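Asker: Have a look at this one before I ask anything.
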Amino acid sequence: MGNCIQGCKDYFSRQKNTNIRLTLPVVCFVWQIAMIILFGVFIRYDEESDTHWVETKAHENITSDIENDFYFRYPSFQDVHVMIFVGFGFLMTFLKRYSFGAVGFNFLIASFGLQWALLMQGWFHSLDPQTGKIFIGVESLINADFCVAGCLIAYGAVLGKVSPVQLLVMTLFGVTLFAVEEYIILNLLHARDAGGSMVIHTFGGYYGLAISRVLYRPNLHQSKRMQGSVYHSDTFAMIGTLFLWMFWPSFNSAITDHGDGQHRAVINTYLCLASTVLTTVAISSLSQKTGKLDMVHIQNSTLAGGVALGTAAEFMISPYGALIVGFLCGIISTMGYIFISPFLEKTLKIQDTCGVHNLHAMPGVIGGIVGAITAAAASESVYGKQGLINTFDFTGDFKDRTVLTQGGYQAAGMCVSIVFGVVGGAIVGSILKLPIWGDPADENCFDDEVYWELPDEEEEHQESIPPILEYNNHMIHKQQELSESNFSVEHCES
């Protein structure tokens, strides 16, 4: 028995092999071929993207193409798509030597994840029982991007510590878990969560944190030299922050009902985000004896308001209510980076690279609580009778549900997202812990050189030379060449 245990320890602690020349191509080729086959079997255009749209218009007395859902949803889809590929990618470029991995692996995860999400969400939400097909349109693309966002949030917790093969495996299971918990929360519990505070952020945050805990590296300090940022890497990360900050109103309103619900979601998110910036700056300044600002806080905590208002974005929370949520989130998220992140790493052994607990998990829980309270406090005098029905979708099997009951189901939805994130992350983390995925050694974490071809150091040094100094160096070398040439000519003449 002792030999068996020792054998297992030796197997898991053996030297890391980061050569993924075979495993990464095999996974990419096999999974993409599988996507092609599955799409061929299941995926079809919906009635608004099919060539039979002309017949649909005539049958339903639609007089203009402008009534096609594409024209309502595409601007929001475009904004959400930019957030996924540019916002999330650049937000994670703060590490001094991991910009390629941040943007490049973000690109890889999102590209695979959105395909798998269209299938998983289609099987749970829009599978036609008569034809056995999944019909997709522009709203399906938005929901797939939302699903991918949960996996990108989880990536932030393990940034720089895993291989691209591990990330693809994490995304495969993450999308699957997301589709199941989304179906339970939105369909079975009938909770409302337009901006995904619970479904996306709470799940994604705790999913990543649980994985990070299972993959805990006691010797991660060996790569401490790589864990910091430099001036230009923080600037690039701030680009991601600004893209996310500007487009977050579209994120929270993208799949809400046309008309007042979408309009209200934009206004509420817009105000909440603005309020969050001021309190983030205030707490960041107070946390330093000199009153200076910490770029980590500005890059991340300024976005927490958008996360926290995701559930209640379309509710009648009122403009001042949105400002209050933003006010509180800026404080709580920034305090999280100052106090909670060190506690998580030291006591709970959770190495959260990007601080997703403070930007996504904790604000997501706040969003779930705000949504539950706002739903339970809703009244016909504020919403109107039809307004209550439209906002909370009190139709069909849920037509007799009261607002107090709705508030309870909102809270239950938050609990479901936490459970799926923690338990699912623990299971997936155990799979990723197997020493077959090509993950880096402790001393090589947070370094692009492990998985990327990097520019030659000499070329990097040359590019970093200021133009004037480069010109002067060029002239010095030119004069040396001329003097050598003159010497050689005189030598020949003599």
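Including glycine, each Cβ sits where the backbone N, Cα and C put it.
What TrEMBL records for this protein is below:
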{"type": "DOMAIN", "residues": "68-450", "note": "domain 'Ammonium transporter AmtB-like'"}
{"type": "TRANSMEM", "residues": "22-43", "note": "transmembrane segment"}
{"type": "TRANSMEM", "residues": "77-95", "note": "transmembrane segment"}
{"type": "TRANSMEM", "residues": "102-122", "note": "transmembrane segment"}
{"type": "TRANSMEM", "residues": "134-155", "note": "transmembrane segment"}
{"type": "TRANSMEM", "residues": "167-186", "note": "transmembrane segment"}
{"type": "TRANSMEM", "residues": "198-216", "note": "transmembrane segment"}
{"type": "TRANSMEM", "residues": "228-247", "note": "transmembrane segment"}
{"type": "TRANSMEM", "residues": "267-286", "note": "transmembrane segment"}
{"type": "TRANSMEM", "residues": "298-317", "note": "transmembrane segment"}
{"type": "TRANSMEM", "residues": "323-344", "note": "transmembrane segment"}
{"type": "TRANSMEM", "residues": "356-378", "note": "transmembrane segment"}
{"type": "TRANSMEM", "residues": "411-432", "note": "transmembrane segment"}
Asker: Report, as numbers and ranges, which residues of the same chain sit near the transmembrane segment (167-186): CB under 8 Å and 6 or more residues beyond its ends.
Answerer: 27-28, 31, 105, 108-109, 112-113, 116-117, 120-121, 123-125, 147-148, 150-151, 154-155, 158, 193, 198-200, 203-204, 207, 211, 413, 416-417, 420, 424, 427-428, 431-432, 437
Asker: So, do the transmembrane segment (228-247) and the transmembrane segment (298-317) meet, by the test of 3 or more Cβ pairs under 8 Å (sequence gap 6 or more)?
Answerer: yes
Asker: Counting only pairs at least 6 apart in sequence, do the transmembrane segment (22-43) and the transmembrane segment (411-432) share 3+ Cβ pairs under 8 Å?
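Answerer: Contact criterion not met.
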